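One structure is given here, and the rest of the page talks about it.
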Amino acid sequence: MNIIKNSIQMRMFGLVSGLLLNAFGNGLCISGNAGSGLWTASAVNLSKLTNTSVGVILFALGTINVLTNQFLIRHWDVQRFIGEFCFIFFFSYFVNTFAHFFNYLGVPNLPFLARCLISCSGVIFFCTAISLYQRANIIMHPNDDTTNLLRFLYLKGNSTAAQLLDFVIPIIIIIFCAILSHRLLAVNIATLFSFLFNGLIIAEADRLVFPQLKHNFKNDEKY
């Protein structure tokens, strides 16, 4: 498939702005402490269950996503494999930076309603970010690449269905951890908001945010 609709400069802008906006949104969710995306929530629950840092769990889940993506495209793509690991490295760094910044501003001390609004805003930011770097399609977070591949290779472009299918694994992880630990962590209003509206927000961002950036596919992707 050969569908490259934008210049490399425009695609790089989509990648970098998407990476930063995703980290910004996740930083808001973490600092607001009123729920987060399901994958982040599953990582928090796993980290508490295993007494392992969230960063290590996120990297482990990302590694599984990287391998899953190689299976979904049905061939070995070294560039995609390396690129997604690089994305995880920078993404993790900026998430920590933004979370510390918002903590410094006192976000965790705000009333619960305000933190709910902040965390839900974080969901909107990181969904918009996903739209940007999925359209740029240079490198992306491996989990978002999984959603992208499901959407266009198996679900006829349906972003909502792709997001819901992608949520199956973190939901299973959260339930498993809750049964074993008898507690439920990082699941709150913003988690429900993310579950219900992730796909819709991404689809609307495709249409409304930087619409000049189209969905690009690489020449050597064998679909």
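Backbone N, Cα and C define each Cβ position, glycine as well.
What TrEMBL records for this protein:
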- 49-73: transmembrane segment (TRANSMEM)
- 85-106: transmembrane segment (TRANSMEM)
- 112-133: transmembrane segment (TRANSMEM)
- 161-181: transmembrane segment (TRANSMEM)
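Most Cβ pairs under 8 Å with the transmembrane segment (161-181) belong to 49-73, among the candidate stretches 49-73, 85-106, 112-133. Within its own chain, the transmembrane segment (112-133) has Cβ neighbours under 8 Å at 14-15, 17-22, 24-29, 31-37, 139-141, 144, 147, 188-190, 193-194, 197-198, 201-202, 205-206, 209-210, 213, counting only residues six or more beyond its boundaries.
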